[in-house]
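Written out below as structure tokens is the structure these notes cover.
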Amino acid sequence: MEIKTLEFKDEKLYLIDQRKLPNSFETFVCETYKDVDFAIKDMVVRGAPAIGASGAYGVVLGAKEYKDLEKKDFLEKMEEILEVLNSSRPTAVNLMWGIKRMRNVIEGNKELSPKEIYEKLKEEGNKIAKEDVEINKTMGEYGNTLIPEKATILTHCNAGALATVGYGTALGVIRSAFYSGKDIFVYADETRPRLQGAKLTSWELVKEEIPCKLIPDSVAATLIRDGKIDLIVVGADRIATNGDTANKIGTFMLSVVAKAYNIPIYIAAPISTIDFDIETGEEIVIEERDDEEVTHIQGKRIAPEGVKVYNPAFDVTPNENITAIITEKGIIKPPFKENILKLRP
Ligand code: MRU
């Protein structure tokens with residue numbers, strides 16, 4: 001079953017509106033770069049590779065709007081658009097990576113007319129989207145080599161088709177194992193506060209009839225202690241060159257328990273999630289989101305008025321807690337620094 005998280009057609013970007021799943025399946029149509037900026041900020045679309053590709057298409061929509069300007073004005077406007085989209089969300093480096101690819105297209109084609117630059121940008125956006133699915137499938141195959149025949153797997157947040165252009169990273173590994181005939185079972189953390197596990201990962205798993213159970217986040221440690229989990233696989237938003245990995249809040253906590261009980265924890269992420277400009281996780285900007293994500297559920301207040309909230313969207317798992325990183329170029333094992341730097345594009 002194919003889930004098309006995002007699709008560019010008829011000069012518009014069509015997104016599955018992830019705020020509405022699983023209760024209703026709606027499409028959010030972006031006609032302007034501002035629509036894309038909003039969609040990323042409000043998490044209509046989310047997940048590192050998905051926002052990377054959406055950001056790139058946002059640049060395409062920006063070029064579409066301004067392609068009738070004089071070249072100088074067009075280039076100035078494009079600079080502004082690149083900046084706006086680059087800062088839609090701060091942690092997932094795939095967004096900055098996608099925007100950089102679009103910037104390179106603009107800079108490499110300055111001699112062309114705005115209309116021609118627009119066409120080049122569209123080609124690049126389509127290339128990013130196509131590559132993403134291929135990369136995820138390759139990653140899935142590498143990751144599958146780490147999955148035992150009857151594995152019980154724990155995952156956190158949503159690193160599935162919905163977090164990418166298609167197929168998924170961590171869920172891509174799970175899909176590959178399932179479709180290769182392995183008798184696997186998946187536990188999906190609900191992933192407070194936005195419930196990506198409850199709303200999105202379980203939606204994907206149930207749709208594909210992959211055996212699974214949804215659990216409150218606080219159940220994971222008990223399952224691990226009781227020997228019910230063989231391995232953990234999660235995605236990533238940004239990986240430093242020493243292997244420190246930012247992912248959805250709660251991943252760090254899982255890694256501590258996994259280490260204490262000696263079960264492997266794998267990160268599945270494309271090379272575009274590695275930030276080759278930073279050495280450690282301390283340099284990663286962690287997004288803090290609205291208090292309302294914690295004080296309210298489905299728009300209904302559950303915490304008292306006036307309570308203060310701390311709501312970081314991500315945490316950093318230190319490299320020493322990570323067993324291996326699954327990429328489209330193969331499986332990276334420790335020593336991470338040495339092995340990651342070998343993959344610098
Ligand atoms: O806040 P989100 O939903 O964008 O966070 C998503 C995650 O943390 C994912 O695990 C990560 O982006 C990897 S997606 C393949």
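The chain as shown is numbered from 1 upward.
Just so you know, glycine gets a Cβ as well, placed from its N, Cα and C.
Residues or ranges marked as active site, proton donor in TrEMBL: D237. In sequence order, A48, T91, A92, V93, N94, A246, N247, K248, T273, F314 make up the list of same-chain residues 6 or more apart from D237 (active site, proton donor) whose Cβ falls under 8 Å from its Cβ.
The substrate binding site annotation in TrEMBL covers R46, G47, A48, R89, Q196, N247, K248. Around G47 (substrate binding site), the same-chain residues six or more apart in sequence whose CB sits under 8 Å from its CB are T5, A92, N158, A159, G160, L162, A163, T164, G235, listed in sequence order.
Within 10 Å of the C-beta atom of C157 (site 'Transition state stabilizer') sit 29 other C-beta atoms, taking all shown protein chains into account. Sequence annotations record features per position, and here TrEMBL assigns site 'Transition state stabilizer' to C157.
For ligand 1, the binding-site residues lying close by, meaning a CB under 6 A from one of its atoms, are G47, A48; the full candidate list was G47, A48, R89. Cα separation, R89 (substrate binding site) to C157 (site 'Transition state stabilizer'), rounded: 17 Å. Counting other Cβ atoms within 10 Å of each Cβ, the binding-site residues R89, K248 show the lowest value at R89. Using a 10 Å Cβ-Cβ cutoff, N247 (substrate binding site) registers 29 neighbours.
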